[in-house]
Amino acid sequence: MFRNELTAVLTAMHISLSEQQLSQFCRFEELLLETNKVMNLTAITEPKEVAVKHMADSLSCYEEAYFPKGAACLDLGTGAGFPGIPLLIYRPDLHMTFFDSLQKRLRFLEQVTTELTLTGAVFLHGRAEEKAHDKTYREQFDVVTSRAVARLNILCEWALPYVRTGGVFIALKGAQYEEEIKEAGHALAVLGGTLEAVRPVTLPGLTDKRAVLYIRKNAKSPLKYPRKPTLAAKNPL
Ligand SMILES: C[S@@+](CC[C@H](N)C(=O)[O-])C[C@H]1O[C@@H](n2cnc3c(N)ncnc32)[C@H](O)[C@@H]1O
């Protein structure tokens with residue numbers, strides 16, 4: 001059932017998968033729903049909804065030009081692996097760092113990537129506001145993705161310091177994206193980002209507004225950012 005739903009929705013989006021990729025998506029869905037019984041991973045559990053709102057929504061941010069071959073990617077606040085796992089299934093040449101402040105979710109993702117034999121996966125446990133001050137991660141990524149983690153002005157402060165100059169921060173946003181863009185103008189300017197493209201997204205069978213924002217990093221982020229945990233949220237740029 002999930003297999004058919006996913007095939008239908010991706011066909012409508014003009015995305016085609018190999019048989020192996022389709023099986024990987026199916027196994028991921030099984031593991032997600034199985035593990036969700038004992039760990040809080042997702043409120044979405046109907047196969048059709050998982051296909052559309054998790055898998056297809058994650059792939060809606062995919063644009064070949066933004067993902068160079070073998071790109072170093074970071075999925076910030078990955079949770080149960082969205083959009084990181086679908087992107088890695090779709091593009092197994094990517095090096096995907098799954099980043100979250102909750103260790104148990106990362107353990108689940110380790111199990112998923114092992115079972116799916118996705119070799120380009122790395123797991124990073126910690127807070128976005130802290131790891132960005134570690135040289136190993138600061139301005140080291142070609143692509144940073146993030147879905148459902150924070151409002152854009154806060155998220156820019158957390159995400160842009162990880163992006164190398166010339167790289168891109170891809171934010172998957174919901175209905176309030178236009179307002180969030182207006183609110184984030186100052187944060188973008190301070191952190192060295194420019195909004196390069198806004199791609200409105202309509203997922204098959206859904207009517208709600210959403211969009212993918214492509215933010216180019218064109219200058220280094222000042223070293224004082226991100227500020228200590230809670231400061232960005234209390235007093236956004
Ligand atoms: C609502 S979930 C979204 C998960 C996933 N991206 C999705 O779209 O389904 C937000 C995730 O971000 C993580 N998170 C929130 N604040 C964070 C921070 N400051 N640093 C790292 N991870 C954070 C949470 O632990 C949680 O897993």
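Residue numbering: from 1, along the chain as shown.
Cβ from N, Cα, C; glycine included.
These numbers come from a predicted model, not from an experiment.
Residues or ranges marked as S-adenosyl-L-methionine binding site by TrEMBL: Gly77, Phe82, Ala128, Glu129, Arg147.
All features noted in TrEMBL, drawn onto the structure.
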residue	record	DSSP class
Gly77	S-adenosyl-L-methionine binding site	coil
Phe82	S-adenosyl-L-methionine binding site	coil
Ala128	S-adenosyl-L-methionine binding site	helix
Arg147	S-adenosyl-L-methionine binding site	strand
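Across the binding-site residues listed here (Ala128, Glu129), the residue whose Cβ sits among the most other Cβ atoms within 10 Å is Ala128. Residues listed for S-adenosyl-L-methionine, Gly77, Phe82, Ala128, Glu129, Arg147, cover a largest CA to CA span of 20 Å.
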